[in-house]
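Summarising the annotation, TrEMBL assigns signal peptide to 1-24. Per TrEMBL, active site is recorded for Asp99, Asp101, Asp224, His226.
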Amino acid sequence: MSKSSFLSALLLASTSLSAPTALAQDATAGSVRYYAGIGMANLKAGEYVYDGDRKLSQLDWESKGVITGTIGGEVDIGYAWKLKGRLDVGLGGDGFMEDRDWLDASYSGWTHQSLHPDTELDRYVNVLLEAEKTLVDTGATRLGVGGGIGYTDVKWTARGGSYIYTDVTLHDTVGNFADGVKGISYEQRIPTVFLSANAEQRIGALTLSGVLRGGAAISYKGIDDHWLRNLRFTDSLDPAPMVGATVTADYQILQSASVYLGGDFQKIFKTRGDTHVRNTVTGASGSFEDGAAADFQSITISAGVKGTF
């Protein structure tokens, strides 16, 4: 056998032996990465009441500078797939609510208004679960696509406040609610489904990454308790478009640890739906087709640590 024939045979044997090994490595799950941080969030939600195309009422709920805690992680499951998860929890915060009514069709402005600076954020929970497929990985650059599900639950309670009502003439009744008395509570429950595009770039010890998400809110619900009137309004809302984005900068400080700074955005676009109202004392109830609408938006900035094992 000539030297060239021997080298060709050796190369062929080496390739045949290495291919199953590479396939096995590709099919084997890899490392687990986790992170924990603390941040601040701005949250706002819109609650609307309609009679046909005419808007009767709008309640704007908002909290700024809400302290949040975040935990999350991701695990390689083989074949360039990874599973990712994140949990954000509000750790308490204040808010503000403005309630306006348009009860006179002959007047374009609002007829009733109440302001509630003593509004408390009762709950904020945001969960994301995602599966991602890596399409390109050069070691420094990684691109992928994926999809997943999410769930957001946010609730406020407004107490006290002031009001301007229209009784006989426009804005003729002015007064205040008793301090500390519960007026209205409002909760949104928002399950989502989405597709995602992911990108990551490593520059030395620095890693920049971003995710774009697009999908829909499904089985979207709003729950409003008017405590002074003993009424509960439950809104069953139509699917709503959803967009979201996450950007993160990591800086490696140890072989298996880094610090990070990140930002997250989510928007649920306004959608209509049906309302069911029930008197919580007498049990009397009724329904109004297409009588409600809602929307939601959150912006979060967080910082923390990441680890690998």
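Backbone N, Cα and C atoms are what each Cβ position is placed from, and that goes for glycine too.
TrEMBL annotations: computationally assigned, not manually curated.
Small disclaimer: the values here were computed from a predicted structure and weren't measured.
Around the Cβ of Asp224 (active site), the same chain contributes Glu47, Leu59, Ile184, Ser185, Tyr186, Glu187, Arg232, Phe233, Thr234, Asp235, each under 8 angstroms and 6 or more positions distant in sequence. When Cβ atoms from all protein chains are considered, those within 10 Å of Asp99 (active site) total 21, not counting its own. According to DSSP, Asp101 (active site) is assigned to a strand segment. Annotated pair Asp101 (active site) and His226 (active site), C-alpha to C-alpha distance, rounded: 15 Å. Other Cβ atoms within 10 Å of the Cβ of Asp101 (active site), summed over all protein chains shown, number 18.
For His226 (active site) paired with Asp99 (active site), the C-alpha to C-alpha distance reads 12 Å. With a 10 A radius on its CB, His226 (active site) counts 16 other CB atoms from all the protein chains.
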